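Straight from Swiss-Prot, the features:
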- SER2: N-acetylserine (MOD_RES)
- LYS23: N6-acetyllysine (MOD_RES)
- LYS29: N6-acetyllysine (MOD_RES)
- TYR40: phosphotyrosine (MOD_RES)
- GLU55: site 'Interaction with RNA' (SITE)
- LYS56: N6-acetyllysine (MOD_RES)
- ARG63: site 'Interaction with RNA' (SITE)
- 76-201: domain 'Nudix hydrolase' (DOMAIN)
- 109-130: motif 'Nudix box' (MOTIF)
Amino acid sequence: MSVVPPNRSQTGWPRGVNQFGNKYIQQTKPLTLERTINLYPLTNYTFGTKEPLYEKDSSVAARFQRMREEFDKIGMRRTVEGVLIVHEHRLPHVLLLQLGTTFFKLPGGELNPGEDEVEGLKRLMTEILGRQDGVLQDWVIDDCIGNWWRPNFEPPQYPYIPAHITKPKEHKKLFLVQLQEKALFAVPKNYKLVAAPLFELYDNAPGYGPIISSLPQLLSRFNFIYN
């Protein structure tokens, strides 16, 4: 190892150890914090049924027509969806609503104008999965795990706003909903609530669409505790 003599000029290369001064600050805390989420077995949860819950629009074309009309009146649509996770044999599973044989979606929906995102998601979760006996469900919502934008009145959505888009037509936010140790869910009769393992969702946009199939990556930052 070479050593710079004490009388040598410090203008050449390599320079002394003080070249960068305080440019690089010593990190006193880790750059990332470990976020721990408790998961409970699917068998801890009870699933009942309630009256059917129908979509506002009868077709995809009708949905985009209503979106266009509302955009002219109130601007961009805001949508929130909840990601509920359980485990089976220490493998994380996401609860999905299944309509028919091939359509899956996360519980959630449209926010009212000016409605708070978290409070709106709690309202929607109660409407979709809330129990019928009047006991209020305690939805714990702390983490936003994803943002998706719809640039036009068309099906494609992206996890970013395309560069040429100044007025997205819809903004969808995904939130992790932490479940209690035990709970009762009432599922609308026209839906099935299914538990899909992460390995089934991963890289499976043809089966579940781009948003649901991205959940394994979005959830990988959490440290799951299997109770």
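Quick reminder: no glycine exception, Cβ is built from N, Cα and C everywhere.
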Rounded mean pLDDT for the residues that make up the domain 'Nudix hydrolase' (76-201): 95
Number of Cβ atoms other than its own within 10 Å, given for ARG63 (site 'Interaction with RNA'): 15
For TYR40 (phosphotyrosine), the number of other Cβ atoms found within 10 Å of its own Cβ: 18
Integer Cα-Cα distance in angstrom, LYS56 (N6-acetyllysine) to ARG63 (site 'Interaction with RNA'): 8
DSSP-derived class (H/G/I helix, E/B strand, else coil) of ARG63 (site 'Interaction with RNA'): helix
Long-range Cβ environment of GLU55 (site 'Interaction with RNA'), under 8 Å and at least 6 residues apart: ARG63
LYS56 (N6-acetyllysine): tally of other CB atoms within 10 A of its CB: 9
